[in-house]
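Report on the structure given below.
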């Protein structure tokens with residue numbers, strides 16, 4: 001038997017040893033039957049393999065790394081603990097409050113009216129009557145007199161302040177706040193305005209705002225009534241402030257934890273993406289090639305030299321059928337050898353190429369175009385490629401993408417050689433390769 005066929009048979013047997021499921025291939029049923037006829041025992045489960053499984057290559061064994069590439073890489077992130085929403089507790093407060101009064105707003109004075117001396121005197125008389133009614137406990141009557149006084153003299157902050165204090169006695173905090181605001185618009189330093197508004201806000205349970213107004217009133221004109229109200233208001237205001245700070249802190253801590261979880265998740269996702277890319281890169285670099293020069297030229301020389309170089313005198317016309325196969329190792333290698341072949345040397349040779357290219361390298365390439373200019377004698381087909389493989393300068397140049405692109409361009413169209421002659425990186429490589437191909441002169 002031919003030594004080549006024996007070598008191929010040995011490779012096939014080694015493949016079957018490493019992966020017995022190869023015997024399930026329908027086209028090998030005759031071989032399986034032959035083995036069983038000799039008494040061989042086919043491993044259990046081999047016959048039960050799924051018939052739809054794609055036959056595996058006899059040349060390149062599929063590796064587990066290829067399968068891993070299809071698996072989704074999931075970052076290992078700690079499960080986020082779902083935290084309950086923060087629910088604020090009730091604050092136990094002391095002091096009585098009243099329901100807000102929703103009566104229509106009381107009559108206010110017209111600040112655009114010019115106040116005469118007579119109006120001022122009449123306003124003072126109305127104020128005096130209001131004080132008398134107030135001392136007798138006639139609050140509604142006091143409100144009527146003070147409203148008349150405000151109408152006569154709408155520029156008096158005291159009139160608004162007095163009416164606000166009466167509304168407080170009537171437990172009408174909203175009306176009191178309106179009068180207090182009017183008094184403070186006229187006189188921002190009105191102690192009675194701050195005092196009345198602070199007491200009204202305390203009645204509505206607005207403890208923090210009430211404390212602020214009462215402190216301002218006490219600063220302007222301190223009295224015992226303000227101090228007494230503050231003693232009731234301040235404890236509640238402090239409790240509410242502590243309560244607010246507590247839950248502000250809890251919310252801040254919750255937001256910080258969430259931000260930290262998000263940061264860790266993004267970091268884990270980025271790490272997982274990096275690990276996946278690195279694994280794919282390692283897998284692609286370690287995956288064996290189906291042929292080509294060892295150490296190889298990425299992507300090979302695609303398609304070889306289309307149509308071959310024109311036939312010349314001498315050499316073997318049409319190239320050697322079958323050509324030289326790859327020598328294992330270059331990713332992608334010279335696919336199928338250099339397709340198209342380089343039959344019978346270049347007619348006249350390319351510039352700087354002595355005597356043309358060697359006879360066809362490639363898997364049964366197409367014969368070159370007949371005829372052409374007579375060459376100076378074709379080169380023998382059995383060129384020693386070790387001269388290229390053992391040349392460190394050429395092998396280093398092959399790893400340069402720019403050089404490889406130029407070589408591929410020349411291989412596709414030899415006429416493009418001229419445009420690369422001026423490239424200081426490419427021209428020396430092409431010249432050196434021409435010298436290797438030319439052989440002894």
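Each residue's number is its place along the chain shown, starting with 1.
Glycine is no exception: its Cβ is also placed from the backbone N, Cα and C atoms.
Of all ranges given (136-185, 186-235, 236-285), Swiss-Prot attaches the label coiled coil to 236-285. As annotated in Swiss-Prot, phosphoserine applies, among 63, 111, 386, to 63. Looking up 7, 57, 89 in Swiss-Prot shows the phosphoserine annotation sitting on 89.
Here the repeat 'TPR 1' (121-156) has long-range neighbours at 106-111, 113, 115, 162-163, 166-167, 169-170, 186, meaning same-chain residues at least 6 beyond its ends whose C-beta is under 8 angstroms from one of its own.
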